[in-house]
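See below for the structure under consideration.
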Amino acid sequence: MLESSSVPLFIVFILLFILLLIVLLIRRNGTAALIWNEIIREKVTNFIMNQSKEQRILNFVLQNAVRGDPCSVVDTIDKYCSQKEWAMNVGNEKGLILDKTVEEANPSVALELGTYCGYSAVRISRLLKAGARLLTVEFNPEFAAIAKQMIEFAGVQDKVKLLEGPSEEIIPQLKKKYEVDTLDFVFLDHWKDRYTPDTILLQECNLLRKGSVLLADNVIFPGAPDFLNYVRKSPHFQCTNYPSHLEYMQVEDAMEKAVFLG
């Protein structure tokens, strides 16, 4: 009797140990975490609820945040993504680096590449001085629709203009179509393989002035080695690296600030 009952108990302990290892791996290994959150968990939840994760984030904000209060919207998104479902916002930890950089740059015209759900657009816009504006670019129409509602709920729609389409098409249109002379601040948080070509495009379109500040997210994970190599070796940029962690995780990451020297 003791032997027969101890076998199932042993199996339970083994399964619990394996589960613990999986949890630790997800928390500390970026690739494993993204596979779990973005491929497995998200797809299953979307199927069960017949709703996208981004729509669930928006619904949570609409139900729990204070309308017209951008800080409440940012805090509510952070709460959802840290406690319920992971999402690729810049997050609360790196958000402080973003805040400080925006405050130091004090931009009149800012550009964000990669709007997603509107988290960083709301975060940046709440720090803009009177009369300043943020242009935010999003390629995915479903994300753009969510972000538009998020920006309007936060009450920052007068400061933020959402541009839908690929960055390589919108950047050359900024001067004539959107009346941009030069950009004071640029936040790169879209496809990592677009960081370098879009930075070069900004230069070729004469959208950077001496002192323009670029801030790039996720330069360690998922990583943007080509961008780091480009700006750090270029005589036109002065770079500063800010070690941090992947949003809502313990995975090492960093942000890179590149100040254009002309």
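Placed from the backbone N, Cα and C atoms, the Cβ positions cover glycine too.
Unlike curated records, TrEMBL annotations are generated automatically.
According to TrEMBL, the S-adenosyl-L-methionine binding site annotation covers V90, S120, E138, D189. Here D189 (S-adenosyl-L-methionine binding site) comes close to V90, E112, L113, G114, Y116, S120, A216, D217, N218: these same-chain residues lie at least six apart in sequence, with C-beta atoms under 8 angstroms from its C-beta.
The Mg(2+) binding site annotation in TrEMBL covers D189, D217, N218.
The annotation substrate binding site is assigned in TrEMBL to K192, N218, E247.
As annotated by TrEMBL, transmembrane segment applies to 6-26.
Of the listed binding-site residues, namely E138, D217, E247, the sparsest Cβ surroundings within 10 Å are found at E247.
Put simply, E138 (S-adenosyl-L-methionine binding site) is 14 Å from K192 (substrate binding site) when counted between their Cα atoms.
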